[in-house]
């Protein structure tokens, strides 16, 4: 895996970053090299070469150059794909993946663009009702239905699959496009599984399909709370299913109409291979690398993916140093300055380069935490936005960003909602946003009144982009007590006694980078933010941060047992065994580390290999 992903991640294969505009970005028309017009004879030769390419992938064996095919493709539009970006969520990674594979993107700007498309990709992101409302407002429902029902080449992604069904139970019932029989329903939380379904899962293929031919038992990345199930009425559509508290539909196909519930643009090399096979002949060196890895996976995979894998996440704490440069740092109990007279900010590398390295090494996700973001105005933080944009060009796993996502009023008196701040992060390449201090304030108010206002950052963002796009980062500190009745907060019995022999502790939540304690426990906060619409919890522990002694499994168990959304364990990892310990002893869905990866003390690959040996489902390829 490393060899291929290293090549895929090289900047030489990247394209220029597109504009931050999500739905109205105008891409310039392709300019053909004058060499393409030397003679009609050359054009006919190129045409024959292109026909040969489509008939047989072994171009080099036939002596036909990729450049010749690309030139001919520019003449007939075969190197162009139409993208239906309706303006919600992170579509930048889809664009970047298409460009990496050597194809051009044409945006849908008016209804007729859909019917003019040769190939149409619909990467739906967010809430079902919001998506249908946007399609309705832009008069896109009729042309999408006409295009799909005509059987032309179509690839739906995530919500782009769900919208093909009759409707969804989301928001008390929403009508869909009505192309595939069935209603999309929420995963059953009564089964004890965290919802949303977030992470890398396997596929069970039900019929032949060219686009899935290179999966070869590897995991794909899912993030959703609702799913469709196979019924007698839609069975002829079902291409693949996956397992999560029962079978659900993970891919559909009829003729040239295909759609997947997972995100190929976030599924690493396996996802790029799916996009490559949908787009057509290889048109870049990166595409050829992806094809080679798909072939290698046929014999290299030791155990086919069959369930949701536990995730290993690489975290990058990002802040400006004293010279104003954006660096990755790491603290000990949240202190990021060196223990020297200079007290300089600890510099462990450049964010984009480190993120690229972690992608190559097999990280399941990459998280950026702007640890001084609570002080600043994020929309003015161009370096952080640029980090996301540049990272998404070559990193094809999920990206989370946190820091300062809240309502702001700038120096000119202009107000920006947290939704607007989050939207800018999504447009810049983030898949999920992490909310910290603002979530504590929202939870305190909710617990006081018992009412939702619809105005908190959690509520606003989850309504538009879906709960799966909202992560709440909790920064608690252990408070020892002798008797649980001493405090009004949920306590837990400790594996290790406190400094004065205390058997119990509660975990006090903090804000402002751990500097200010609040009258709310981690248990209470977790339940409150779930009720407000958060889809995932990033659970830190100030006491264990940077210590390398292992995750606080007492804390992780307390919180993961308290909620039905996924919990990411953070703070304290020092060796691969700490990861298997937290997965075996708690319901954590993922585990995150920073310093041990930055300093290369423990390779991500070593963690993955250990988890596989410890019988923990993990993604190895």
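Including glycine, each Cβ sits where the backbone N, Cα and C put it.
The region 'Disordered' feature in TrEMBL is assigned to 1-21.
Annotation source TrEMBL lists compositional bias 'Low complexity' at 10-21.
Marked as domain 'Glutamine amidotransferase' by TrEMBL: 83-268.
Long-range C-beta contacts of residue 158 (L-glutamine binding site), restricted to its own chain and to partners at least six residues apart, with a cutoff below 8 Å, comprise 123, 124, 125, 223, 224, 260, 261, 262, 263. The annotation L-glutamine binding site is assigned in TrEMBL to 158.
The annotation active site, for GATase activity is assigned in TrEMBL to 158 (among others).
Residues annotated as active site, for GATase activity in TrEMBL: 263 (among others).
The annotation active site, for GATase activity is assigned in TrEMBL to 265 (among others). Long-range Cβ contacts of residue 265 (active site, for GATase activity) within its own chain (separation 6+, distance under 8 Å): 93, 94, 96, 97, 123, 157, 271, 272, 275, 396.
Annotation source TrEMBL lists active site at 317 (among others). Of all Cβ atoms in the shown protein chains, 24 besides its own fall within 10 Å of the Cβ of residue 317 (active site).
Residues or ranges marked as substrate binding site in TrEMBL: 404, 540. Listed in sequence order, 473, 474, 475, 476, 570, 571 are the same-chain residues at least 6 apart in sequence whose CB falls under 8 Å from the CB of residue 540 (substrate binding site).
Using a 10 Å Cβ-Cβ cutoff, residue 475 (active site) registers 28 neighbours. Taken from TrEMBL, the feature active site applies to 475 (among others).
Residue 317 (active site) is 14 Å away from residue 404 (substrate binding site) when you measure Cα to Cα. Taking the domain 'Glutamine amidotransferase' (83-268) as a whole, pLDDT averages 95 in the prediction.
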